[in-house]
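Before we start, here is the structure in question, set down as structure tokens.
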4 protein chains.
Amino acid sequence: MRVLMIGDIVGRPGLSTLYHFLPRLKRSFQPDVVVANGENAADDGRGITRGIAREMFGAGVDCITLGNHAWDKREIFDFIDQEARMVRPANFPEGTPGQGYTVIPSPRGELAVVNLMGRSFLSTLDCPFREADAILRTLKGKPVLVDFHAETTSEKQALAWYLDGRVSAVIGTHTHVQTGDERILPQGTAYLSDVGMVGPYDSILGMEKESVVKRFVTQLPVRFEVSGGRTQFNAVLLDFHRTSGLAENIQRIRIDDDQPWFD
Amino acid sequence: MRVLMIGDIVGRPGLSTLYHFLPRLKRSFQPDVVVANGENAADDGRGITRGIAREMFGAGVDCITLGNHAWDKREIFDFIDQEARMVRPANFPEGTPGQGYTVIPSPRGELAVVNLMGRSFLSTLDCPFREADAILRTLKGKPVLVDFHAETTSEKQALAWYLDGRVSAVIGTHTHVQTGDERILPQGTAYLSDVGMVGPYDSILGMEKESVVKRFVTQLPVRFEVSGGRTQFNAVLLDFHRTSGLAENIQRIRIDDDQPWFD
Amino acid sequence: MRVLMIGDIVGRPGLSTLYHFLPRLKRSFQPDVVVANGENAADDGRGITRGIAREMFGAGVDCITLGNHAWDKREIFDFIDQEARMVRPANFPEGTPGQGYTVIPSPRGELAVVNLMGRSFLSTLDCPFREADAILRTLKGKPVLVDFHAETTSEKQALAWYLDGRVSAVIGTHTHVQTGDERILPQGTAYLSDVGMVGPYDSILGMEKESVVKRFVTQLPVRFEVSGGRTQFNAVLLDFHRTSGLAENIQRIRIDDDQPWFD
Amino acid sequence: MRVLMIGDIVGRPGLSTLYHFLPRLKRSFQPDVVVANGENAADDGRGITRGIAREMFGAGVDCITLGNHAWDKREIFDFIDQEARMVRPANFPEGTPGQGYTVIPSPRGELAVVNLMGRSFLSTLDCPFREADAILRTLKGKPVLVDFHAETTSEKQALAWYLDGRVSAVIGTHTHVQTGDERILPQGTAYLSDVGMVGPYDSILGMEKESVVKRFVTQLPVRFEVSGGRTQFNAVLLDFHRTSGLAENIQRIRIDDDQPWFD
Ligand SMILES: [Fe+2]
Ligand SMILES: [Fe+2]
Ligand SMILES: [Fe+2]
Ligand SMILES: [Fe+2]
Ligand SMILES: [Fe+2]
Ligand SMILES: [Fe+2]
Ligand SMILES: [Fe+2]
Ligand SMILES: [Fe+2]
């Protein structure tokens, strides 16, 4: 099974870039399942709306994962419980709207997608390690992609080693910067600390760079808006073994003016 | 001018890996200056000793940068003021032992090396942006390499954009994971969010993975030791223009069993 | 000189409570100067407006201090530079609008009021200790009241010991809970870790308790509004020596239904 | 039932002060149960040993609570499972050595003591709110004292409101500074944001003030040792209704040179 996992889509520039490259990448790589992190897909880069989720599904995304920005747009509470293809971090307390994992059908079988969130410098949630254990007990036998939305490399590596051999892949999101440490761990789990983002390239995590710099320099509140200008596309391509579900290949995809894509 | 910047060296495995690859890389790439982050070079991965600094210089490192672990070994206070080739984060308060920047001679001219530390989730230091401004006023005209030791991608990108065109390169350290976002910003500053580390490969940031996982899962205090086993080597190669000092090229170097090095 | 320092005023209930008790307290205690923290005085408990500042001055407050919420209402940038009786934390970067200290005239001489903000778990500002040193160099000889807006008791106690004998008083704000550790340090500086707040009593830091509890329990975003219901009034009364400016007396004032005030 | 709850005992000075005042307080106030937070009772102020726990029990403490320093002395793992009168924060993961609550017999019936730890700026533990719910289901009908070891006033107040009417008292620890906000909430739960500490008075949270100040000013690592000199004693006296277990009275006890104790 081949899975394309796409990093945090940021605002309208991120969506346009997604719509531009996804058909091309599908043609080239023929993924069975496309997963994208949508926590920044709303116009202002905070959260996601029903309309944008529909756009993303319509453009060929099979599953949307989220993160700390999951709830930024209030309307998510109106539709997340109806949307089987969307997951929010599973280690929110029991009773939280939405679901922490889902199973996506594909021509080559089902893929389970799990969303977890880190706690270091991020959120006071339930333990992502024990949550992963609990979810895996219900998912026996399926290939499993984990989107681990976390800040620190230590927590990301720790979860990957903890799950090595028990899931197909642990792919980090949240930092909006793609890391270059893709590998397959000894027991067969593919790992990448962060897959990166899709959206403005001359920006700071997708937001206007001038505003963010001003914030750091002045320490005053500054309104961040999604940046304009040229964009980037970050993703990772994963191949899972047909029967074991373990990873056979992991390949980063980075597309921008410095590393252009040629069909 | 060609500069090789090497990520955080972790413990004895990191040093051995450095000693193994540095001569080979020098032969292949002929860097004029070699800079390495030494904040984890001590045997237990915390700080650096005089003996180890000498070893590193002896092995061909021209300048050692540091970070939040700078002071972990007390003896550093005995020698840092005498060591012109070592820098600790410049945005410690005035009067802090050691220096925040230095100038390294090379066959192709001098290179200024500046060490700064981020404040997001890290340390309550002076503002690294204003500290950079102050240092640059004294360094007019020289090529400048900034080792920005910081946790978050937003602070790293912000400093890079802030200094774009004013320094030769902003290279991040501290996360111990190499990022894949190397680029030259529009005004000529080379940028990489994190150069990564040198040391144990099957580890968590260089430390024994079992201990770190146990810490996350149990939340109990666990003693972390430098891991054994096979190692990795992360660095970045930078070319600066002969007269302007601006970046002409940036190339990541990742060496491990998954991406081996062949001379 | 007698100074009445009043804790963070929260929203309209805080202002009403201030207007109710201030005349009575003035009659009873005859303070020469009244200082109040106004960082939560706006209707929604975030920041302060020009109109509300005027109200507070009109009601008998001589000086308004601020904190991390200083900038929550944008209009503050329009008037803070014209308002000599308002101070924002002094350890914001140079060039920040407003001023970090001011001198308030009174029948018994001038009182300098300094506002500083802590960095532990709060804000990445300049060092409050060194900022205090710098300000004190310009204030030689005057009695000085420091409003130290900070989260942790360790940073608050540290600043108080650091300034002992050099200022008249270090009074903490920000936690909205009055501490019971009032004392005069050995060299003559009055100290109270936190003076508390003025506003809703059956609340969490002044905000509706149901919302804040919901936030902690669900970890979902919840809009906090200023609570209704009965209120509390927290302040501290300070006496400074006529010539030395050192503290002679410190007395907490707590008024609520459990500890009512009788003229 | 009358309960004396004593704040964090810091080092040998804290223990000596405890041994001095506890007999006197028992004589004066005749508490049925004495609870003390022992997380800083070891000689260096970090953790607790078996010997010191025995000393404290021998001196008349009936129950020892802990906090973030619970595990600082390794030997605690050797005896905590055998010690029915000691509790560590209950919201550590299942399987953690020791227990999160216990039941203490007294002449006037049993008292349940629950230890919980906050997560804001402190520890990535399980949710203390849900943990409290779970424990209360097993404790139906008993008076319950909760030691909530937490940093922020918002989390402390939130837990108190959450448990109002369901437990006898929520008493905060950890900041080492006694707050002056004691009250009985509308449904009958006694509340104090922090009970304070027992130990060095001219100190910072019990540690040598010079070292802590140096740490804040220089940002360099500084070894903190328990301070010498005169001491303070902070506690709170609670009366719970004979049948309902709800609070009838709460009275702070602060003893130091500024507020001396006279039998
Ligand atoms: Fe994101
Ligand atoms: Fe995120
Ligand atoms: Fe490091
Ligand atoms: Fe570091
Ligand atoms: Fe406030
Ligand atoms: Fe505040
Ligand atoms: Fe403590
Ligand atoms: Fe504590």
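Each Cβ is built from the backbone N, Cα and C atoms, and glycine gets one as well.
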For the Fe cation 1 site that TrEMBL assigns to A:Asp8, A:Glu39, A:Asn40, which of the candidates A:His176, A:His241 is also assigned?
A:His176
Fewest neighbouring Cβ atoms within 10 Å: which of the recorded positions A:His69, A:His149, A:His176?
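Counting other Cβ atoms within 10 Å of each of the recorded positions A:His69, A:His149, A:His176 gives the minimum at A:His69.
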Once A:Asp8, A:Glu39, A:Asn40, A:His176 are set aside, which residues in the chain still have Cβ within 8 Å of the Cβ centroid of the Fe cation 1 site?
A:Gly7, A:Ile9, A:Val10, A:Asn37, A:Ala41, A:Gly45, A:Gly67, A:His69, A:Thr173, A:His174, A:Met197, A:Leu205, A:Gly206
Using the alpha carbons only, what distance in Å do you get between A:His69 (active site, proton donor) and A:Glu39 (Fe cation 1 binding site) once rounded?
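Cα of A:His69 (active site, proton donor) to Cα of A:Glu39 (Fe cation 1 binding site) measures 5 Å after rounding.
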What binding-site residues in A:Asp8, A:Asn40, A:Asn68, A:His149 place CB under 6 Å from ligand 1?
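The ones that qualify, in sequence order, are A:Asp8, A:Asn40.
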Measure from each Cβ of the binding-site residues A:Asp8, A:Glu39, A:His174, A:His176 to the Cβ atoms of chain B, and list in sequence order the residues where some distance is under 8 Å, or 'none'.
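Cβ contacts with chain B under 8 Å: A:His176.
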What kind of secondary structure is A:His69 (active site, proton donor) part of, going by DSSP in three states?
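DSSP assigns A:His69 (active site, proton donor) to coil.
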Including all protein chains displayed, how many Cβ atoms other than that of A:Asn68 (Fe cation 2 binding site) lie within 10 Å of its Cβ?
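Cβ-Cβ neighbours of A:Asn68 (Fe cation 2 binding site) within 10 Å number 17.
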Give me the Cα-Cα distance between A:Asn40 (Fe cation 1 binding site) and A:His149 (Fe cation 2 binding site), rounded to a whole Å.
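Pair distance, Cα basis, whole Å: 13 Å.
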Near the Cβ of A:Asp8 (Fe cation 1 binding site), how many other Cβ atoms are there if near means within 10 Å?
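If we count other Cβ atoms within 10 Å of A:Asp8 (Fe cation 1 binding site), we arrive at 31.
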